[in-house]
Structure formats: C-alpha cells, structure tokens
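Feature annotations, reproduced from TrEMBL:
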type	residues	note
BINDING	42-47, 181-187, 206-210, 275-278, Ala332	GTP binding site
BINDING	Ser46, Thr187	Mg(2+) binding site
Amino acid sequence: MGCCYSSTSLHDEQSDHEFNVEKIYSINECMGLKLLLLGTGESGKSTIQKQLHLLFGDSRGTFPSSLRGQYHGIVRRDAVKSAQLLLRACYRFGWQWDTYNQHDAAHYLLSVDVMATNFWNDKILASISLLWRSSLLNDSLLWRAFELRSLFQISDAVPYFFDRISVIGSPHYIPSNDDILHARLRTSGIVDSIVHIQQVPVRLLDVGGQRNERRKWMRCFSGCHALLYVVAISEFDQVLYEHNTKNRLIESLEVFAEIVQSGYIQSCPIFLFLNKKDLFLQKIGLIDLNVCWEDYSGGKDARAAMKFIAHKFIDAVPKTLLNHLFIHFTVATDTHNIEQVWKTAYQLISKQHFQI
C-alpha cells in the first residue's frame, strides 16, 4: 500500500478502481465494518457522514422527509443568526449603512429572537435580501464582514444560504439535499448509525469534535476497521471557537498527531480527508499560508500549499503506520466528489477486512 495521495488529491485523475461486487456479496452480514469519523470542530466530518447516508442510506439519493422537516427550522435559524453575527461585526468595525432602509433592516434583524416559536416572517426575508443584495452589488458591508471572518466565528456556508434566501424564505420551503449538507448541526456526543454498502453493514461513529468532546474518542477505537480523520484546510487563518488564539489548522494537526501516536491504531487504514478544498483555493490567492506556518515559502501557489499541508500531516505519522495512510483532498458538500473518494476508500477497507 504505502502512504499515497488519492485520485482527488494533487492530481486530478479519475480512479479506475471498481468494487468486486460478487466477492463482497458473499460476506456474511454479521461481519460488518466499523468506521470512526474524527476531526476537530467545523472540519466537515458530519457532512461526510451525511453524504454516506445520502449515498447508501435507506432513502438513497435523497434525505428522508423527517430529516428535511428537522432542517427546515435549522436552516432558517442559522440564516438569521449568521446575519446577526455579520451585523454585529459591522458595528464593531465602525461601519455605517448607506441608506435608511439598510439601517432599518439591520436594526430589525438584530431584534429577532430566533428561539421564539414561528419566528420567521416576510420582513426577515426582505431584510436579509436587501442587505445581502446591496453587499454583492457594492462590495459592501455584509460581504466585507464575511471576508474578515477570521476575526470572529461564523459558518463558511453563509454565502450559500444567503444566495438562496428567497427560496429558504418561501412559504412552501423544503430543504434540498444541498441545504442539508451545507447546514451546520453541531455533533454532541457520539452519533452511531449504520448504512449498507453492497449488502455489508457499515457502522459509522461520528464523534463530536469540540475540545470538550474529545475525551470520548479513545473508547471508540476498539474493533475499528478504518479511521476517517477530517481536516478543514481552508481554516489556516482562523482560530478555535473555544480558544481565540489557537489556530484551527494547527490544532487539527496536533490532534491528528496525538491520535496516530497514541498506540490505539495498529493496522487499520487511516484516511486523511483534507477537506474544504474549494474554500481553500478561494482563500489561498488572497492569504499566504505562512500566517499559519512561518516555514512555508511557496507563496500563494495552491498546489505548493496543498503539498506542504499534506506533508505536515505525513510527518506526524509514525513510520510503522505510513503504509496505512491514504490522503484525499475533498469537498464534503460535493456528493460526486465524496462518492469517488469513497469508492477508493471502501475498496481498500474491504480488501483488508475481507481479504479479497
């Protein structure tokens, strides 16, 4: 095997691996697989878990109506909360609105109680639409505040949802697959679920990534057939929610090093998902990676930066485990990307476990 980059990593080649369907079908279902999904907060690991349910769950190709109902309120609340965070940032930066209508819309949004029952109304929709539209047209306040998100905590998905605010605010709104994938629902504790891939039960353990959740990680390693560790590489200029001076990417690297050097992992494959590649490519042209690592000298060259990050994680892995390390650059919200990455990953897992 050996440590390697995936077909979706530094080379944009398509994998030609295919599942050995007949052999996997012959495996007894009781011999299922256990996958552990780990990563620090906001890494995108829960989005990976949602993608696996979308691809291989009982309602393949779509999310069940019960989950759509749950995310209906989550998406709308997050839209207002994100607007409020951006507006507070604008005021903290001392910025002023151009028109009375914009000022009135901002004042109203800040007054909304998102925890109230049936809080959503047409004025919320109109206010967010007005402020976001003016931001896009004039490179104005909300967008300028979002571009400075390394100075405060806010979701990367804000532009996605604000661009769809007319859909989200409509009376007959039903969250789409992409809405659910982009929505943030913080994992608390251990989310234990099962999907069936080619009739083989695959148990997914998604463990909360915030600092206070990590004490639960070690007890999950027993009987694990693969570790999926997810890293948000786009967050190289951002700090932790729990610690406002700690760089997120460095924290993720340190946690990864602690895991692979702990002795809990002996021979199972380690899949390192260097995630949020799309956001990273947008950001690296504006911000140098040396804000995170001073020894980086590749400037704003995206390929050089990606290779540098990958090698930082490779260097953390003991030599005895390097043959079990596989690196993929991913976009967790892109179903096609995750499906292609997963095909390669699942073939490696099943070959090792079932000795195909």
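Glycine residues also receive a Cβ, built from the backbone N, Cα and C atoms like all the rest.
In the shown protein chains, 26 other C-beta atoms lie within 10 A of the C-beta of Lys45 (GTP binding site). Around Asp278 (GTP binding site), the same-chain residues at least 6 positions away in sequence with a Cβ under 8 Å from its Cβ are Val331, Asp334. When other Cβ atoms within 10 Å of the Cβ of Ser46 (Mg(2+) binding site) are tallied across all protein chains shown, the result is 24. For the binding-site residues Leu181, Arg184, Asn275, the ranking by surrounding Cβ atoms (within 10 Å, all protein chains) places Asn275 first.
Arg184 (GTP binding site) and Ser46 (Mg(2+) binding site) are 9 Å apart (CA-CA, integer value).
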